[in-house]
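Have a look at the structure below, then the notes.
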Amino acid sequence: MKAKNDTQISEFLLLGLSEEPELQPFLFGLFLSMYLVTMLGNLLIILATISDSHLHTPMYFFLSNLSFVDVCFVSTTVPKMLVNIQTQNKVITYAGCITQMCFFIFFAGLDIFMLTVMAFDRFVAICHPLHYTVTMNPRLCGLLVLASWIMSALNSSLQSLIVLRLSFCTDLEIPHFFCELNQVVHLACSDTFLNDMVMYLASALLGGGPLSGILYSYSKIIVSSIRAISSAQGKYKAFSTCASHLSVVSLFYCMSLGVYLSSATTHNSHSSATASVMYTVVTPMLNPFIYSLRNKDIKRALKNSLGGGL
């Protein structure tokens with residue numbers, strides 16, 4: 001039985017990815033580089049979609065929103081990790097931990113919803129091209145983004161509020177580089193049944209639901225529409241768009257699912273923390289490359305924007 005702390009706790013310790021002193025400079029350089037690349041790549045996509053009037057379409061509206069979410073998503077975890085490594089201080093306050101956890105859940109959920117909305121946009125564009133401009137009107141696009149923000153905020157608020165009711169033990173070390181919900185809950189001495197149930201339910205509804213919608217959208221695109229396109233150029237464009245989006249979805253879902261399944265079966269917290277880097281840092285970093293390298297419109301807009309500013 002864990003020793004219970006009767007006083008109000010004030011801080012947690014984030015153990016990070018490794019406690020080896022000789023690895024800290026390498027980790028600092030690696031994550032600083034990845035963070036800067038993520039920020040630059042996503043901000044360039046936002047710049048391109050804003051500056052080029054040809055990209056003022058639903059697809060690029062959603063893409064710019066995804067880039068903004070990715071910037072915020074990675075900024076909830078990496079800067080604090082870099083500060084901890086640089087100052088050799090692993091402490092995070094209780095309020096800071098709850099705040100970080102809340103924003104992480106919020107932007108993770110928003111990432112999922114934006115990927116789902118983008119899949120729906122491609123489904124309408126390719127399967128129902130004649131109705132695309134009518135269906136995906138500015139009002140609907142705005143409502144889809146607004147609904148995504150509201151649902152993510154409700155989930156994040158609920159998850160964070162029920163953590164506040166927990167009492168914690170004297171062992172306040174989190175074997176992770178950020179305040180991950182599952183790790184924080186498992187430090188509690190009080191009953192976590194409600195927290196576990198809400199986590200599982202939220203994962204099923206906010207993870208499985210959007211994933212089903214994404215898979216349905218792209219299966220309809222591939223099975224129904226791709227076969228109906230006669231020109232090789234049209235088939236290539238449709239497949240290219242689907243491949244870009246599915247690459248992002250696969251990276252995010254496979255890595256996050258792998259982390260939670262492995263942590264549930266092996267209980268190896270450090271392995272889970274290392275694996276979680278893939279969907280918390282690597283995926284937001286790769287998103288701009290996946291879209292821009294396969295998208296001539298984005299590359300042209302960036303060339304015009306950056307070229308015009310020189």
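One-based numbering along the chain as shown.
For all residues, glycine too, the Cβ spot is worked out from N, Cα and C.
As recorded in TrEMBL, the features of this protein are as follows:
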DOMAIN    41-291  domain 'G-protein coupled receptors family 1 profile'
TRANSMEM  26-48  transmembrane segment
TRANSMEM  60-79  transmembrane segment
TRANSMEM  91-120  transmembrane segment
TRANSMEM  140-158  transmembrane segment
TRANSMEM  197-218  transmembrane segment
TRANSMEM  238-261  transmembrane segment
TRANSMEM  273-293  transmembrane segment
Notebook entry, point to check: Short question: which residues 6 or more past the ends of the transmembrane segment (26-48) have a Cβ under 8 Å from it?
Noted result: 16-18, 55, 63-64, 67-68, 70-71, 74-75, 78-79, 81-82, 85-86, 281-282, 284-285, 287-289, 291-292, 298, 301-302, 305
Check: Residues sitting near the transmembrane segment (273-293): Cβ under 8 Å, six or more positions beyond its termini, same chain?
Finding: 16-17, 31, 34-35, 37-38, 41-42, 44-45, 63, 66-67, 70-71, 73-74, 77-78, 104, 175-178, 180, 244, 247-248, 251-252, 255-256, 258-259, 262, 299, 302
Item checked: Segment confidence, the domain 'G-protein coupled receptors family 1 profile' (41-291), expressed as mean pLDDT -> 86
Notebook entry, point to check: In terms of Cβ proximity under 8 Å, which residues at least six beyond the ends of the transmembrane segment (91-120) contact it?
Noted result: 8-14, 59, 62-63, 65-66, 69-70, 72-73, 76-77, 80, 84, 144-145, 147-149, 151-153, 155-157, 159-160, 163-164, 174, 178-181, 184, 206-207, 210, 213-214, 217-218, 245, 248-249, 252, 256, 280
Item checked: Chain residues in Cβ proximity to the transmembrane segment (140-158) (below 8 Å; excluding those fewer than six residues from its ends, i.e. six or more beyond) -> 58, 61-62, 65, 102-103, 105-107, 109-110, 113-114, 117, 120, 198, 202, 206
